[in-house]
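J.: Quick one: the structure is below, and I'll ask about it shortly.
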Amino acid sequence: MRNARAKAWPPLLPALSRKPWSATCKTRGTHDPCPTPNLLGGNPVKLRNSLLLFLTATIWGFAFVAQRVGMDYVGPLTFLFARSLIGGIVLLPVVAVLHRSGPGHAGETPADRCRARKTLLLGGICCGTVLCVSDLAQQVGLLYTTVGKSGFLTACYILIVPLINLLFFHRRCRRLVWGGIALAIVGMYFLCMTDGLTINFGDAISLVSALLFSVHILVIDYFSPRTDGVKMSCVQFFVCAAIAAVGMLLFEQPSLGALLAAWKPVLYAGALSSGVGYTLQIVGQKGMNPTVASLIMSLESVISVIAGWLILGQSLSGREIFGCVLMFAAIVLAQLPNAPKENAVN
């Protein structure tokens, strides 16, 4: 799963206005047939970027399997330490390339550069600390629930962020978000509740991780306009690795042999999910409508169910599948653009 959980947040932006397809057809000659509507506007770059974002969602969806398999060999903190360290290392060359191709620091005074470094360090520490707690909750939850359920429950952060904004920052929630939240509550009932109206421990921890990931997104939202996002992501991975290392030494018994035995899932979660996935997200989102980008990446939850079934043989009951369908519909609903009248009001 994407450890840098910004994911085109806020995705709740209005879609770019364009002439309706039907209106375009009316301007064409009677012998000139109307073309098939193209949601990507016939732009090959947008098609490529859409495929990159789908690949990103696929990498993140299969990362749930890697996280679960990795804990057959090492504890949650050890796995978190290893994947975060690898993720930070993989992002280092990306930071170097972007730094060389960037605008440079012309016109900046030494005081400006000092403030920029302090902001970068503070943002990395804050984001890395919250990320460590969030990822740890998700790791522990995967010990007690299925990969697919964890994927869908974690995706609830898309619905939780607007609620936090409303409760603590007094930012209004759109009507579609409220509809998505109501639908998600019903979906969670079918997905998580047993006949005795109890919730599985792993499901509860996964919901806690969704809440923590929501906080992580808001922290990123605060610091991202103030510093370089890729550099901050790199720093946050190293901070997360450092905190996890302390917990690993205090509460677990790590060994080099166990880490070597878990090298495949650790490498996938660290290099592909954290490093490559985040880089693909940066490239794929360029020039894309934020709503379209976030909807494509929401497929991560669906892919996690498929990955759990294909690799681990985990399956969901009919009741749980119905809950997944409702929750995915809620996620999509919450990310749809406003109606024109509501845009004018907001």
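Every residue, even glycine, has its Cβ placed from backbone N, Cα and C.
Any TrEMBL annotation is an automated prediction that lacks curation.
The structure displayed is predicted, hence computed values, not measured ones.
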J.: Have a look at 119-138, 319-338 and point to the one annotated transmembrane segment in TrEMBL.
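T.: Among 119-138, 319-338, the range TrEMBL annotates as transmembrane segment is 119-138.
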J.: State the non-local partners of the transmembrane segment (235-251) in its own chain: residues 6+ outside its ends, Cβ under 8 Å from one of its Cβ atoms.
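T.: Beyond its ends, the transmembrane segment (235-251) has Cβ neighbours at 3-4, 75, 77-78, 80-81, 84-85, 87-88, 91, 120-121, 123-125, 127-129, 131-132, 135-136, 274.
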